[in-house]
Amino acid sequence: MSVIIVLIITSIFGNSFWDTTLVMFFFTISVRTQCSQIGSWKLRHVVLCSSMIGSTYQILGYVNVIIHGGVGKNGSTIAGTSVIFPLFPLLMVVVPFCMIYSRAETAVYDEHITLFMLCFGAVGAKATNRLVIAHMSKSELRLWDWIYIGPLLLMLNQYYNTMLDELLLLRLVTVCLIAQIGCFHSSPAGRPADYESSHSI
């Protein structure tokens, strides 16, 4: 919910809204020293700090579940699956995302952030869908999937000093990943739904 609120505020007021200092909002502070200390903070710092507090609270809850195990037999979840296993497919989405974004030498990923998010959104969607299908069908989930080729190509392009144009490669990879997730939903994801006599998507 907080992400949606931040996006709505950004769409209404623009990106420069988050560069506003807190002094503009708190006129009632009369002491100059307090005003100068608070005045150096911008609204984006407040959003970042509140996000960190909320994330820390959630992470501590997850760590508690991981350490003590689930409520199922032998510390597993109710469904009988491992508590820690979903971490690996999700890390295979988050780690390449951070590596590619932080090592970018050009501003392609900043200027085309929506395309970059669509690319990794497709990777994350397929990783999560595979986890759900493996849970529903009680089948084994392989760690490797062909959807990870896209982030791998982007990382290799950066490693070899951008042999290909980053924007062209990002567009190509995004189209291929979205097509791949479309094929995934049309064939294998429909099998458990056909078995259960329900609609997949």
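Any Cβ shown, glycine's included, is placed from N, Cα and C.
The transmembrane segment annotation in TrEMBL covers 6-31 (among others).
What TrEMBL lists as transmembrane segment is 43-63 (among others).
The transmembrane segment annotation in TrEMBL covers 83-101 (among others).
According to TrEMBL, the transmembrane segment annotation covers 113-137 (among others).
Residues annotated as transmembrane segment in TrEMBL: 143-160 (among others). Outside the transmembrane segment (143-160), and at least 6 residues removed from its termini, the chain residues within Cβ reach (under 8 Å) are 88-89, 92-93, 96-97, 99-100, 103-105, 119-120, 122-123, 126-127, 130, 166, 169-170, 173-174, 176-177, 180-181, 184.
Summarising the annotation, TrEMBL assigns transmembrane segment to 167-187 (among others).
Cβ atoms under 8 Å from those of the transmembrane segment (113-137) belong to residues 79, 81, 86, 89-90, 92-93, 96-97, 101, 145, 147-148, 150-151, 154, 170-171, 173-174, 177-178, 180-181, 184-185, 188-189, 192 of the same chain, restricted to positions at least 6 beyond its ends.
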